[in-house]
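Inspection log for the structure reproduced underneath, given as structure tokens.
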Ligand SMILES: *Cc1c(COP(=O)(O)O)cnc(C)c1O
């Protein structure tokens with residue numbers, strides 16, 4: 001068996017320890033005589049799995065007691081509708097557009113109310129995060145929405161916007177648990193877990209209790225109403241049981257690594273290896289303004305399509321896979337989430353150096 005270094009933006013690498021442990025429990029989960037895939041979501045065994053996952057996540061993130069943790073389905077994209085349906089009381093929301101995902105979220109929200117785009121970095125292909133210190137926040141806005149780490153463009157908010165007292169909603173899909181998040185600064189933070197936490201099929205939403213209401217938008221589907229899920233402890237219907245189980249294992253793995261402050265340090269060290277090389281390379285160039293660079297997604301270009309295709313092909317053959325950039329940016333992108341070991345980034349940089357020398 002040989003594992004590659006997988007730089008996919010998602011679904012992405014998971015820690016080998018977690019995969020091995022799951023494999024060892026595949027046929028008989030802790031004496032239950034069945035796999036987690038086969039057991040009732042109403043069983044005590046599964047209840048323990050979801051309870052422990054939530055407790056570990058609360059521990060990792062220091063989630064205050066007045067926040068609910070929901071394990072949902074439908075991907076991060078489903079939340080683009082759920083957020084306005086649950087939160088638009090005045091029918092107005094402010095969106096900051098820093099890439100495809102926030103653009104899609106804003107477009108979806110327009111179906112349910114008035115959306116103001118109060119800042120955008122579209123003018124420079126989303127290569128930076130706009131100044132958010134003094135935004136034209138609407139007095140009636142029910143919330144201010146951001147995508148905190150832009151998976152496609154490789155930018156990250158290093159400071160949260162000044163929302164002037166309005167509720168902040170953040171899509172944290174691609175930076176979830178990569179560093180500490182100060183949960184109290186958000187009304188809602190949510191993310192699809194397939195980027196940095198677990199298998200596709202689970203979305204985790206952390207929501208302040210006062211935002212979980214009965215008076216949601218008329219017509220809101222039962223399943224999209226946060227209150228339905230909160231009242232039933234994410235077990236209103238069959239949840240993505242196996243996915244939640246794997247997330248729980250990743251939470252334990254993160255605690256073993258020293259928690260999120262240790263992860264941040266590790267991720268900074270890892271990203272620096274790649275950025276330092278990009279900054280001195282004559283061939284490869286990073287596409288993002290240095291101060292707004294993501295620790296998780298690193299887009300870079302050569303500026304010659306043929307040479308880029310050659311690089312991606314040769315990298316793939318050498319065991320560095322999924323480096324092709326998103327079609328809207330071109331070039332390459334290395335996603336280096338929590339589970340990517342430092343050796344993976346070091347080896348990639350060595351490979352890039354060799355390619356640069358051979359193709360100068
Ligand atoms: C991948 C991604 C999404 C879309 O996630 P789905 O689970 O496929 O709906 C949304 N937002 C961000 C930031 C992402 O990285």
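Note that Cβ sites are derived from N, Cα and C of the backbone, with glycine treated the same way.
Just so you know, TrEMBL annotations are computer predictions that nobody has curated.
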Where TrEMBL shows 76, 77, 101, 151, 194, 237, 238 binding pyridoxal 5'-phosphate, which of 123, 171, 214, 215 is named for the same site? 171
Can you grab the distance from residue 195 (N6-(pyridoxal phosphate)lysine) over to residue 76 (pyridoxal 5'-phosphate binding site)? Cα atoms, rounded to a whole Å. 11
Can you list which of the binding-site residues 42, 77, 101, 237, 238 have their Cβ under 6 Å from some atom of ligand 1? 77, 101
Cα distance (Å, whole number) from residue 42 (L-glutamate binding site) to residue 237 (pyridoxal 5'-phosphate binding site): 10
I'm trying to understand the geometry here, so how far is the Cα atom of residue 101 (pyridoxal 5'-phosphate binding site) from the Cα atom of residue 42 (L-glutamate binding site), in Å to the nearest whole number? 35
Could you tell me the mean pLDDT the prediction assigns to the domain 'Aminotransferase class V' (4-348)? 98
What is the interatomic distance between the Cα atoms of residue 238 (pyridoxal 5'-phosphate binding site) and residue 42 (L-glutamate binding site), given in whole Å? 9
Under 8 Å Cβ-Cβ from residue 171 (pyridoxal 5'-phosphate binding site), six or more apart in the same chain: what's there? 76, 79, 101, 102, 105, 145, 146, 147, 148, 190, 191
